[in-house]
Amino acid sequence: MNWRTIIYVVLLVSLTVAKALPRTSQNVEGKTSIGQRFSQLHENNFKTIALIMFAQYVPGGTFERAAGMAERVTALARSCAAAARDSPDCLKPLDRIFFDTICQEKNLPRIADCCAKEDPERNDCFLSLKNFSQGFIPPLERPDAEAACRNYSQHQQPLTAYFTYEVSRKHPFLPAPTILSVTLRYEEMMKRCCGGAEGPSQHLEECFQTQAPKVVKPLREDALRQEHTCGILKKFGERTLKALKLTQISQKFPKADFVTVHKLVIDVADMYKDCCRGDTLDCMRDREDILQYICSNQHILSSKIQQCCEQPLLQRSECIVHVENDDKPADLSPQVREFIEDKGICERFAQEKDTHLARFLYEYSRRHPEFSAQMHLRIGKGYEDLLQECCRPGAPSGCLSRGEEELRKHIYETESVMRTSCDIYNEKGDYYFQNELLMSFTKKMPQLTSAELIKFTKEMTTIGSKCCQLGQDKLLPCAEENLDLVLGEICRRHLADPINPGVCRCCSSSYAFRRPCIGKLEVDESYVPLALTPGMFAFHGDLCTTEEEKLQHRKQEMLITLLKYKPQISPEQLGSVTAAFSAMRERCCGEANPEACFLKEGPELIKRSEKMLSA
């Protein structure tokens, strides 16, 4: 059985079996035993699942120890499947077997306290040890591509297993299907570049440079989305996460009735609670339950998911997430006037507040796929505020009728912001658009490092290139939902190392209003500007490089330093300083010895610039 087949079988069988895996707090009588699971999964597949589990629960261990524990659990499973199925060890829940195996190991980092506890406290303790990884380093033996291919040809399965271990260890919260999917892409890259039986392909370095992003980029994106959603749950709570999922599911399945959508929202929120805790087995089971429900109810959910449901389970989840929204029902009215005009609105709001608001969000979201999920949440919050004001005793008649005007105003403002941003992007292009963002965000968040500011604004610029070419019906969902991911990164950065009070307010007060709040931030008045030092603005021969990307990066670093030195710089002052710098660079790069020229001209430029800035 080749590795591709193994991966597919692992996912198809293990996720189905995961439904029957007993939770620690449940009675295990009548559940599938480890021996039965071994027989269903077969040895290689069972061992792969075990390796993922041990890598995720003991991220500070080593591959050899994780592989050794996987071997021992597999040996127990093999024994239970063969003859010893009535042994007490064979009747234990699978999660208990995993934790017992970990606790039998000596000198593993940070596990002694957990192993001293009894279940289910032990399980909770192990979950508490998990932390999101700070990035991912692919275990590729680059730049020595020939050595990588030689290693692959001699140790194909161990090398792939090591890759699986590395991904699992560095991303302990990622669901197993995501890990298995990226393992498949890694295997495909190695086969393509190393040539399989035919030997390595020509231009190995070029092959790895082309193929490696196809492995790493989806992994980073999946990990970012997982961390982002878990961050929303942790910071803003289950109610906000459910509202977000209600909007997204209503847009994707506009023909589904409210009861069906509400059931999916509850199931998805429960899945994220398990996944964000790092509960690998329950996360797998929850996901499989949701996929089974969706694919068993296609007729009431969507006409667009049939092809997804026909795919192997590995691709099915990703396919459904990215499939286009179903067509709206033909008889769906564009307005939801009944939520304002019906006489019993205030009574329903008083009796069943959250259900009434959820029905409004469902009805409005399914009618407007051209709006972002975050915009729908803001509209929902506006409707809630309107009811709280207009349903109070003594509220003026006609109070609710102004809701439509406020809604039109918010829609216009949001669309105007996005349209203006795209106009600037289309006019200036990537580099100068990013510079505009750098000027704005350096003033808002001068405490960030140059590398962080360049990284975040580069991601925002990429969103511009991706979304500004789309039609009006796709622009808002693309722009705001991708921008939300970047702002989530900034807010998690603030959580780890506080930036400033303005960022704190925007990141803490409301998820739905986070983007408008950060957009309205101006110069951080609490920031103490940098003092001018001799080495602050150093000009060297690297400014004469012909590599445009390196030159642009260098110029952006100097722009950030200038803004941190003079946050209140006016556009006219910035233009004058920039022109003087460009003239100096052109002059010195034309000299036989640019370094000597910069050494002489640089201090003079700084003196002239100080006069310009103090004017």
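Cβ coordinates come from backbone N, Cα and C, glycine included.
Automatic prediction, not curation, is the source of TrEMBL annotations.
Under 8 Å, Cβ to Cβ, and six or more positions away along its own chain, Asp279 (Ca(2+) 2 binding site) finds Asn123, Leu127. Residues or ranges marked as Ca(2+) 2 binding site by TrEMBL: Asp279.
The Ca(2+) 1 binding site feature in TrEMBL is assigned to Asp289.
The feature disulfide bond is assigned by TrEMBL to Cys80-Cys90 (among others). The Cβ of Cys80 (disulfide bond) lies under 8 Å from the Cβ of Ser33, Ile34, Gly35, Phe38, Ser87, Asp89, Cys90, each of which sits 6+ residues away along the same chain.
Counted within 10 Å of its Cβ, the other Cβ atoms near Cys115 (disulfide bond) come to 16, all protein chains included. What TrEMBL lists as disulfide bond is Cys103-Cys115 (among others).
Per TrEMBL, the feature disulfide bond maps to Cys114-Cys125 (among others).
The annotation disulfide bond is assigned in TrEMBL to Cys230-Cys276 (among others). Every protein chain considered, the tally of other Cβ atoms within 10 Å of the Cβ of Cys276 (disulfide bond) stands at 21.
For Cys275-Cys283 (among others), the entry in TrEMBL reads disulfide bond. For Cys283 (disulfide bond), the count of additional Cβ atoms within 10 Å of its Cβ stands at 23 [all protein chains shown].
The Cβ of Cys309 (disulfide bond) has Ile294, Cys295, Gln298, Arg316, Ile320 as same-chain neighbours under 8 Å, each 6 or more residues away in sequence. Residues or ranges marked as disulfide bond in TrEMBL: Cys295-Cys309 (among others).
Summarising the annotation, TrEMBL assigns disulfide bond to Cys308-Cys319 (among others). Around the Cβ of Cys319 (disulfide bond), the same chain contributes Ile305, Gln307, Cys308, Gln311, each under 8 angstroms and 6 or more positions distant in sequence.
Residues or ranges marked as disulfide bond in TrEMBL: Cys390-Cys399 (among others). For Cys390 (disulfide bond), the Cβ neighbour count at a 10 Å cut-off comes to 20, with all displayed protein chains included.
According to TrEMBL, the disulfide bond annotation covers Cys422-Cys468 (among others).
According to TrEMBL, the feature disulfide bond maps to Cys467-Cys478 (among others). Cys478 (disulfide bond) counts 17 other C-beta atoms within 10 Å of its own C-beta, drawing on all protein chains shown.
Residues annotated as disulfide bond in TrEMBL: Cys506-Cys517 (among others). For Cys506 (disulfide bond), the count of additional Cβ atoms within 10 Å of its Cβ stands at 23 [all protein chains shown].
Annotation comment: TrEMBL describes Cys588-Cys597 (among others) as disulfide bond.
Look at TrEMBL and you will find 22-216 (among others) tagged as domain 'Albumin'.
Residues annotated as domain 'Albumin' in TrEMBL: 217-409 (among others).
Checking the disulfide-bonded residues (Cys103, Cys115, Cys275, Cys506) against Cys125 (disulfide bond) with a 10 Å Cα-Cα cut-off leaves Cys115. Of all the Cβ atoms in the protein chains shown, 18 others lie within 10 Å of the Cβ of Cys125 (disulfide bond).
Within 10 Å of the C-beta atom of Cys468 (disulfide bond) sit 19 other C-beta atoms, taking all shown protein chains into account. Same-chain residues at least 6 positions away in sequence with a Cβ under 8 Å from that of Cys399 (disulfide bond) are, in sequence order, Leu386, Glu389, Cys390. Taking the Cα of Cys422 (disulfide bond) as the reference point, the closest of the disulfide-bonded residues Cys230, Cys276, Cys506, Cys517 is Cys517. Residues belonging to the domain 'Albumin' (410-607) score a mean pLDDT of 94 in the model. Distance noted between the C-alpha atoms of Cys114 (disulfide bond) and Cys103 (disulfide bond) is 8 Å. With respect to their backbone Cα atoms, Cys103 (disulfide bond) and Cys230 (disulfide bond) stand 28 Å from each other. Its own atom aside, the Cβ of Cys597 (disulfide bond) has 20 Cβ atoms within 10 angstroms in the protein chains shown.
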